[in-house]
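Here is what TrEMBL records for this protein:
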- 1-26: signal peptide (SIGNAL)
- 41-236: domain 'Neurotransmitter-gated ion-channel ligand-binding' (DOMAIN)
- 240-263: transmembrane segment (TRANSMEM)
- 251-372: domain 'Neurotransmitter-gated ion-channel transmembrane' (DOMAIN)
- 270-288: transmembrane segment (TRANSMEM)
- 300-325: transmembrane segment (TRANSMEM)
- 404-430: transmembrane segment (TRANSMEM)
């Protein structure tokens, strides 16, 4: 046992000798050493007994404030979910009075790069977040300057709820807000909002659909928290909507109006109306897939297509009525007051004068109009004698039918004028 004690004592003495030799070497070389760098010595000096969970202090009695800015890289809106998504960088800066040094004592080192997990960071969050799994905040290094200033610039993806107003879709303007702040005792410095760095667009990637036309930042302080509210005003623009939505709408209007100029005996008018109704129904289904179901602020273009669908349904009823009047074999004449209107001023306004007929039926047979030529009756012409003139009590079926065709044509022309007026009103009310 005595021998073992002597052996331990010898080892202890040897360790003391080695330590003394290393201490002497450090003394001879000044601040430099063969096994420790200046950067390591600086880190040891700054972060010995450092508590990263403790709020930094500028002075022993004053908490540090943080400055907050955002650099926007990309921005987009999801109409179906009512959300705005922003990709960018958040610039956070603060001071810690206990993390300062003099560069001349450490080989003129003025900055340190430290992993963000090793130091205190502001507890910044998005108050109006719409992300189901939280918003993304990247893990980047923190830069520390010799005067105790920290700067942390992590990449972020913020998704926030946005109260959308789609009334003027697809050329609408939306105003969306990001409320970025802290629930802790950390105070955001509002003076930084006066600088351009509060919202930065230098690295902005232009969206294919949205353009930022205005943005501002305002500071808000409540009893237990404070935050910065970033307000973005976005304008939607895309030439595709003109091609896909408005050009077909113009074609549908022209086709709907042209139906009233087709001969009243044509059954194809009903078929054309049915085709237009199917096309408009397909557009409405397309809008239902693209747009959210809104309790209010229904897009005007959707209301226009819906109104057009109703007008085409009425036009189909008119076409059926006109087809019946012009093709049915009537046994009674058109009422006298209607004949007077059709052969008078109203007929001239509706361009019916070329169809008016006050001559013998033989003239009607030989010089019938194109519209009358499409409708041939097999009944023989009844006459009392060769020189008898037709009057109200003595008419052939063809002459009788002519009055009803004239009435059907007049109905078409009247509805043409009515629909022109209605479509002009719709274009003014629902114009975007």
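Here the Cβ of each residue, glycine as well, is placed from N, Cα and C on the backbone.
Below 8 angstroms of C-beta separation, residues 253, 256-257, 260-262, 264-265, 300-301, 303-304, 307-308, 311, 315, 318, 321-323, 325-326, 328, 330, 334, 338, 342, 346-347, 350-352, 355-356, 371-372, 375 of the same chain, each at least six residues beyond the ends of the transmembrane segment (404-430), sit close to that stretch. Across the range of the domain 'Neurotransmitter-gated ion-channel transmembrane' (251-372), the DSSP-based residue counts are 86 helix, 0 strand, 36 coil. Mean pLDDT of the predicted structure over the domain 'Neurotransmitter-gated ion-channel ligand-binding' (41-236): 87.
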